[in-house]
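Here is what Swiss-Prot records for this protein:
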{"type": "BINDING", "residues": "95", "note": "thiamine diphosphate binding site"}
{"type": "BINDING", "residues": "196, 197, 199, 201", "note": "K(+) binding site"}
{"type": "TRANSIT", "residues": "1-33", "note": "transit peptide"}
């Protein structure tokens, strides 16, 4: 298992440049007539929420600075002006309070979108998320649903230290009653968020701060107000020699690694973007392993009890085990609280060279 290369290497860090915004009510329409057909993840999330707020009067957004400040990361820009303070609600700095309020609203039939400024702060509201929201439908014998979304930035950023860099995908992925989504591209963000808002179950929607300003090509289909995505994995790059299964920002590093492996070593790597942690698309994972006979998983979480560990267990317990020609490798974050110093922070998370090195070891390439 790899957590990093033995030498410190520069990481391709997504820039957090300011983004210009189209008014949410016209964002998707403007793109339909644009020759570029690109959208940032931030714009995708913004347009998804705008369309769902417009579609259903029971949907509302609540959280710290989501209204007058347009969101800490400007994801909710323009929503207050369009929908008013009854639908876009600023709160005090009290995650336990506003999350409990939102869960109560969901139990009464409304459809809240709860924004955490960071999912690290969701720990202040963990009882409401994993007990009240996740378990009520089951404990009521299916008579009481709790339709809501918990969303916000999750995982590592740049220079924010140990208490603001954790990836909570394994935490929430272990809870029955929750669905956990992990978008990578603008199309992922738009389609999955719209699906999550319409889902009758509570959904944890884990975004990545460093992807907010990244632009992606987006299809005509994805610009439709009715566009949603299923909670299924996506093959981002076809390959025949090894499968790289990953999610959110590590998809970017995995695609870069696949390009290097092809050009430098003639290795054809298949890159699988999970898009959903719970439900986990085990069928897609088994299928790619049976195709390539080799597997590595890539995540920025701590090594122990992570998403990669669950994937390894699922593969070992399935028919895919008989197709493996080498042990599975996990590429993870380091087993330490995230350092603040840049040199140490760079060393704490996977990047493109780390993935290349792991693939070479699995395939016994010198």
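Keep in mind that glycine also has a Cβ here, set from the backbone N, Cα and C atoms.
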Sparsest-packed of the listed binding-site residues (95, 199) - C-beta count within 10 angstroms: 199
Cα-Cα distance linking residue 95 (thiamine diphosphate binding site) and residue 196 (K(+) binding site), given in Å to the nearest integer: 21
Close in space, distant in sequence - residue 197 (K(+) binding site), Cβ under 8 Å, 6 or more apart: 48, 49, 52, 56, 59, 111, 113, 149
Residue 95 (thiamine diphosphate binding site) and residue 199 (K(+) binding site), distance between Cα atoms, whole Å: 23
Secondary structure of residue 196 (K(+) binding site) (DSSP, helix/strand/coil): helix
K(+) site shell beyond 196, 197, 199, 201, criterion: Cβ within 8 Å of Cβ centroid: 147, 148, 149, 179, 195, 198, 200, 202, 203
Least surrounded among the binding-site residues, given as 196, 201, when other CB atoms within 10 Å are counted: 201
Pairwise Cα distance for residue 95 (thiamine diphosphate binding site)/residue 201 (K(+) binding site) [Å, integer]: 21
DSSP three-state assignment (helix, strand or coil) for the residue listed as 'thiamine diphosphate binding site': helix
